[in-house]
Amino acid sequence: MSARPSARPFWLRSLLCLTASACFFALLVAVAYKIREGGDAIWFDHAIAQHVHPHVGPRRTKLALTLTQIGSPIFIIPATLAAALISSIVRRSIWTGIVVTVTVGLVGLASTVGKQVITAAHPQSGPHIQVALAHTFPSGHVAAALSLMGIVAIALGAKPRHLIVWLGIAAVTAIVAATRIYLGVHWFSDTLGGVFLGCSAVFFGAALLPNQNGPRSSPRTRLRGDAEPGRQSHP
């Protein structure tokens, strides 16, 4: 039976994750710079908002208000604490739970600071709902949902080849982003900024996670392996 391929060294995995985190953060800063310098970061912001406005209706609004809660603090905070506890138990590592909590917490802090620095106004279309902050960039709901799902998936052992996991995360993130645009609380570029912030946080958190060495072998298996060399030494 062929041996399982060895994992990347911790330093190399951390370096790759930090590089990816820096790249997504650079994209976030680039979009923020264009907004702050005046105007939309992406030219079709208004086109998307104008396309959504005619489709606003009571039933769709009710559904959007329900689905958008996936990224709200009311859901994210308890979900993060529960996910951190589960990750710590599954991986037998308190540090893993701390990384999950800190990753999502930093996203919330960064999105709040970003809204104070990048003073982008809310769209004027869509149903009028109450929002916590006067500015929009980046979308905290999108960033929080993505960061929570992403860091938990990695903490629990998801690999790049697990496409179903990542497609599921992408789908949920897209749903949250769509609800924010539909409800008129964010531009498309705000949700894009939320994606960049969330991805940057996920890779940063992944750089801090301990190596996953796979399931532990049973004591019987270890004893059998230890006995093999002695058994082979007799003629």
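Placed from the backbone N, Cα and C atoms, the Cβ positions cover glycine too.
Database features, via TrEMBL:
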{"type": "TRANSMEM", "residues": "63-86", "note": "transmembrane segment"}
{"type": "TRANSMEM", "residues": "93-113", "note": "transmembrane segment"}
{"type": "DOMAIN", "residues": "96-204", "note": "domain 'Phosphatidic acid phosphatase type 2/haloperoxidase'"}
{"type": "TRANSMEM", "residues": "133-156", "note": "transmembrane segment"}
{"type": "TRANSMEM", "residues": "163-185", "note": "transmembrane segment"}
{"type": "TRANSMEM", "residues": "191-210", "note": "transmembrane segment"}
{"type": "REGION", "residues": "213-235", "note": "region 'Disordered'"}
{"type": "COMPBIAS", "residues": "223-235", "note": "compositional bias 'Basic and acidic residues'"}
Margin query: Looking only at the domain 'Phosphatidic acid phosphatase type 2/haloperoxidase' (96-204), how are its residues distributed among DSSP helix, strand and coil?
Written below: 75 helix, 0 strand, 34 coil
Checklist line | Long-range Cβ neighbours of the transmembrane segment (63-86) (under 8 Å; 6 or more residues past either end) | finding: 96-98, 100-101, 104-105, 108, 129, 139-145, 148, 152, 156, 172, 175-176, 178-180, 182-183
